[in-house]
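Accompanying notes for the structure given below.
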Amino acid sequence: MRRQLTPTVLTAAAVAGVVTFSLVASAPVGNAAARPSSAYAVSAEGQVPIPKTPLAESLDGKRQTTSALELPKNPLLSVRAGTATAGNDSASVELFDIVVGPDILSQVQIPPELKQQCASLPATGANDLPIPDIALPDLGLPLPKLSTKDLPVKNLPDLCNLLLNPPKSLLAIDSLNVYCSGDSGGVDLGSVTLLGQTLKLPSTKQGASLPSNPLAAISVNSQGKHSDGSFTITGLSINLGGGAEVINLASATCAKPAAKPKPKPTPHPDNPAPPQLDTPPAAPVPTPIKTHQAVTG
Amino acid sequence: MRNERGGSSIPALAVLVLLGIVAAVGIWGGKKHETVDLSTLTASTTATTIATAPLDTQPFSGTTGLVVHPRAEAALYSAPDADAFGKIGTSQFGPTWLPVVEQTDGWVRVLLPSKPNRSTGWLQDEDLDRASSSYLIRVHTSSRTIELFLNGKSLGSWKAGVGAQKTPTPPGRTFLLGSIIDHKRSASPIVLPLGAHSPTLDTFGGGPGTVAIHGWPNPHVFGAAISAGCVRVPKTALAHLQKVPLGTLVLIDSK
C-alpha cells in the first residue's frame, strides 16, 4: 500500500504543478493593454466607407511601419503619401497632400440665372449685392442639399469668382503629423484650404475645431484614454453632412506591449557590427574642439 | 672550361637583367604616387568642392566599422593606381577620421568631407592609423528619428528635428566629421559636423552649408521637419552621440 502511495503522491504533485504553471503562464500580464499600439492614416464611415488604411500594429512592442497607402477608388478622398508607425507604447502617422472632394467643383453646372447675374455685375456697388439662394446641383458627395448661401463667400462677386474659377478641391491639407508616446501626444498641421481659401487655424491643441462652415465640421486633436490604459489621438475628424460621412485622418494609439520581446543574441543584419576577428583597435572617443563652424542650423 | 664558364654566365646574366628590370619597374611603379605634388591638389574639407571625386556607389549600405586616420597629408585617387584628384589633411575639427567603404590590396576607399555629397576617394593603405568604430548612427527623415547602435544593439532612439521640405537633410551615408563646442551658439554649443552638406543651400550663415547634429533649446522641434538641413536632437541623445568616435558612419534615409 505504502509502495503504491509514493508514486501516486508524486504524480498528483506533478499534475498540480503543471496545472498551476499553466494557470500562471496563461494569466494576463499585469499592465499590458488589451489593444496593441497601432496607427493608421485614413478611415471613413458613412456613405463612402474606407477601412483603416494603411494600418500599422505592434503586438510585441517591436516597431512596425507601413507606407502602403492605397485607398479604394472613391470620389471623396485622396492622399499623396503617408506613413503609419506603431511601437512600444508609441505610435505616429505622417500624411502629405490630403484632398477631400478632388476636382469636384469643376463639375458643377452653374445655374443659368446665376450665370446671367455674374455676367452683368455692375461696375460699382457689386459687393453690396446679396447672394442669391440658388440650389446647387448634387456634388456626388455625402453632403446635404446645398444652396449658394451655404458656400463660404461674402458677396455676389465672390460667389461668381468661386463658381467660374472653381478651386481644385473642397478641402485640402498639405501635411498632417500625429504622434503619441505613453498617454500623451500631439498634432502638427500644415496649411488647410477650404474651397480654395486658406483657413486660419486657431489651434492644434486637444479638442480644437476649425472655423464652422456648413460644408464640414472639422475637429482637431481628439484624444481619449481607454479603460485598458491605452491612449488614442486622432489628428483630424471631418464630419460631412451632419454625420453622413465621418473621415478620420491620422490616428495613433499607444499601448504597452503584451510581453516584452526577447532580446536577440545576434545583431540586426541592417546594423552591421564590425567583424569580431582581426579587428583594429577601438576608435577613440573624440575630444571636443572649441571653435566656430557655421552649420545649417 | 672557358666555354663552360661562358656558357654558365649567360643564364646568370639574364637572371640579373630580369631582376634589374623587375626592380626598376617596382621602383618606378612605387614612385608613381610618391612623386605626386600635393601642393597642386585641393584639400578635401567641409569648405571645399572637388567635382572630380568619384561618388559613393552604395550610399545606403553599412560598413565593417573600419575608420582610418592619415598620419600625414595624403593624396586621394579616383581609383587604385589611377590619377590623384585631391588630398586629405591630418586634421579637420580635431584629427581626420574617415570611414572605409571599400578595400582592395594596398588601398582603401573612404568617404570625404568635401562637396558634392557622397564624395569618395582612394587612399594608399600606408601611413594610415586604422581603428574600428562599433557605433552606427541612423537618421530617418520621414519618421524624424535618430537611432544610435553599438555593436548592432540599439542604445536609443530619439525624435529629431530634420530638414524642412525645401532644405532637406541629404539622404545617403556620411560620417561624424568632428566634435566641437561653438560658443557663438550660446543655446546649444555642442555641434557634431558631418561629412555632408545641404543639397539646396550653397552657403548658410557664412559657412559652406555643412550639415551637423546638434541640440536645440526648444523641444518642440524634435520630431518636426523644420531645420535648414541639420539634425536637431534632444540633450540625452547628444550626450550619447558625443561619445561616438569620429569617422563613425551616419546613415540617413527617408524612412
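Glycine residues also receive a Cβ, built from the backbone N, Cα and C atoms like all the rest.
According to TrEMBL:
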type     : residues  : note
TRANSMEM : B:12-30   : transmembrane segment
DOMAIN   : B:135-253 : domain 'L,D-TPase catalytic'
ACT_SITE : B:HIS214  : active site, proton donor/acceptor
ACT_SITE : B:CYS230  : active site, nucleophile
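Across the domain 'L,D-TPase catalytic' (B:135-253), the prediction's mean pLDDT works out to 92. Cβ neighbour count within 10 Å across all protein chains ranks B:CYS230 highest among the active-site residues B:HIS214, B:CYS230.
For B:CYS230 (active site, nucleophile) paired with the residue listed as 'active site, proton donor/acceptor', the C-alpha to C-alpha distance reads 8 Å. Secondary structure counts, DSSP: the domain 'L,D-TPase catalytic' (B:135-253) has 10 helix, 54 strand, 55 coil.
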